[in-house]
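K.L.:
Sharing a structure, written as structure tokens. Questions coming.
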Amino acid sequence: MPPIILVFFLVLIPASQQYPFSLESLNDQIINEEVIEYMLENSIRSSRTRRVPDEKKIYRCGRRIHSYVFAVCGKACESNTEVNIASKCCREECTDDFIRKQCCP
């Protein structure tokens, strides 16, 4: 019998049977951690402004405001004022006139 197989039978098999390792308890622990993480995610409130529009008002955030400015002005915003239209339009409804006054030359 080759020596490597002999080592396998004499050392590794008895050692693996003495090692107190249970896959079932490990799986239970992983599932418990996932449940706790899921419950914590649901209990934490978002600190961002709400991005879901009301029935009548349309809020534009991120890429939507960029596309909206292109649609109204035909090019990127060239604002000379201190008004941050991205924050304003994400919090409240912005009209075409507001965008024209702030961005279009």
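Cβ from N, Cα, C; glycine included.
According to Swiss-Prot, the protein has these features:
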DISULFID  CYS61-CYS90  disulfide bond
DISULFID  CYS73-CYS103  disulfide bond
DISULFID  CYS77-CYS104  disulfide bond
DISULFID  CYS89-CYS94  disulfide bond
SIGNAL    1-18  signal peptide
K.L.:
In whole Å, how far does the CA atom of CYS73 (disulfide bond) lie from that of CYS104 (disulfide bond)?
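P.N.:
Per the Cα atoms, CYS73 (disulfide bond) and CYS104 (disulfide bond) stand 5 Å apart.
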K.L.:
With every protein chain in view, what's the tally of Cβ atoms within 10 Å of the Cβ of CYS103 (disulfide bond), excluding that atom itself?
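P.N.:
A count of 21.
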K.L.:
Work out the three-state DSSP category of CYS103 (disulfide bond).
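P.N.:
For CYS103 (disulfide bond) - judged by DSSP and reduced to three states - the answer is helix.
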K.L.:
Could you tell me the C-alpha distance between CYS104 (disulfide bond) and CYS90 (disulfide bond) in angstrom, no decimals?
P.N.:
19
K.L.:
Report the same-chain neighbours of CYS77 (disulfide bond): residues 6+ apart in sequence with Cβ closer than 8 Å to its Cβ, ordered by sequence.
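P.N.:
VAL69, ILE85, GLN102, CYS103 - these are the non-local Cβ neighbours of CYS77 (disulfide bond), listed in sequence order.
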K.L.:
Between CYS89 (disulfide bond) and CYS61 (disulfide bond), how many Å separate their Cα atoms?
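P.N.:
Rounded to a whole number, the Cα-Cα distance is 7 Å.
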K.L.:
Which one is it: of the disulfide-bonded residues CYS89, CYS94, CYS104, which Cβ has the fewest other Cβ atoms within 10 Å in this structure?
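P.N.:
Relative to the other disulfide-bonded residues in CYS89, CYS94, CYS104, CYS104 has the fewest Cβ atoms within 10 Å.
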